[in-house]
Amino acid sequence: MTLSDRLPLYGRLMRLDKPIGSLLLLWPTLWALWLAADGKPPLHVLVIFTIGTVLMRSAGCVINDYADRDFDGHVERTRNRPLATRAVSTREALALAAGLSALSFVLILPLDPLVIWLSFPALFLAASYPFTKRFFAIPQAYLGIAFGFGIPMGFAAVQGEVPPIAWVMLLANIFWAVAYDTEYAMVDRPDDLKIGIKTSAITFGRFDVAAVMLCYAVALGLLGWVGAQAGRGALYFAGLAVAAGMALYHYTLIRHRERAPCFKAFRHNNWLGAAVFAGLALDYLIG
C-alpha cells in the first residue's frame, strides 16, 4: 500500500473527519485568550493556538486509539478504527503521534517561556488520559484537565503569568467535560461494561442524568463567577443564559438514555461552547 493510500487511514486515526473534538478543545482556549487579552488577542497567538489545538487533539486521538486498540474491536462504535482492524500498525501510530506533538511544540517556541514550560504537563495529560479509563472511576474529569490546559497556556501567552481566574476557568471546563463526555460514555455503556473499562456513565449509574445536569450547572456557575470577577457585562451573561438553555435541551435528549440522542447531545456541546464564546466576544466588542 502506497503512502497516498495510507493517508486517508492516518486522517481517520487523527479524526480529521470528526472535528467535534477539536472544537471542544478550542472553545475554552478561545475563552481564555479573549479574557486574558481584554477581547483583543494578538493575531499570531490566536493562529498558533488554533493550529496547535488541532494538532494536539489529533495526537491525542492517535494515542487514544493506540491505548484502546485491544478494546475498540469489541465496541460497536469503534470496531472499524484503523488500529482496531490492524489497517495501521502500532509503530506507524506512535510515529504519527510523536510527529504531531513535535509540530505542536515547534509552534509555541516563539511564545512566552512559561507557555513552553506548561506544554510539558499538557503533553503528559494528553498522552496519559487514554490509560486512565483502566484505573479512574471518572476519567472524564482527567479529560477536562487535558482539554482545558489551553486555558492556563493562553493566559501565559498573553499575560506572561497564570492568574487565579484562569484556574477557576479550568475548573469550569472540568465540570463541562464531565457533562459532555458522560453523555458520550452513555452511548458506549453496554459495551464498556462488557470489556471492563471505567467511565463516569458507569460510575454514576442511575444518577447519570442528574450528574450531567449538575455538572452543567456548576460549570456555568463558575463561568458566571469568572465573568463577574473580570467585570464582564450583560452580553457575556446572555451567552451563559443561552448555554444554560442548551444544557436543558440536552436533558430532553439524554433522559431516556438512548444511544442516538445521547450522542446528539454530546455533539451539540460544540454550540454550547460557541455560545459562551460569542457572549464573551460580543461583550468586549460592543458591550
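The backbone N, Cα and C atoms fix where each Cβ goes, glycine too.
For 19-39, 43-63, 94-116, 135-155, 160-180, 207-227, 234-254, 269-286, the entry in Swiss-Prot reads transmembrane segment.
Here the transmembrane segment (269-286) lies next to the transmembrane segment (160-180) in space: the count of CB pairs under 8 Å, restricted to residues six or more apart, reaches at least 3.
Tertiary proximity for the transmembrane segment (234-254) is limited to same-chain residues at least six positions away from its ends with a CB under 8 Å from its CB atoms, namely 179, 183, 186, 208-209, 212-213, 216-217, 220, 223-224, 227, 261-262, 264-265, 268-269, 271-273, 275-280, 282-283, 286-287. For the transmembrane segment (135-155), the partner stretch with the highest count of Cβ pairs under 8 angstroms, out of 19-39, 94-116, 207-227, is 19-39. Ranked by Cβ pairs under 8 Å to the transmembrane segment (19-39), the stretches 94-116, 160-180, 207-227 are led by 160-180. Note on the transmembrane segment (94-116): residues 10, 13-14, 44-45, 48, 51-52, 55-56, 58-59, 62-63, 66, 123, 127, 153, 156-157, 160-162 of its chain, located 6 or more positions outside it, place their CB under 8 angstroms from a CB of the stretch.
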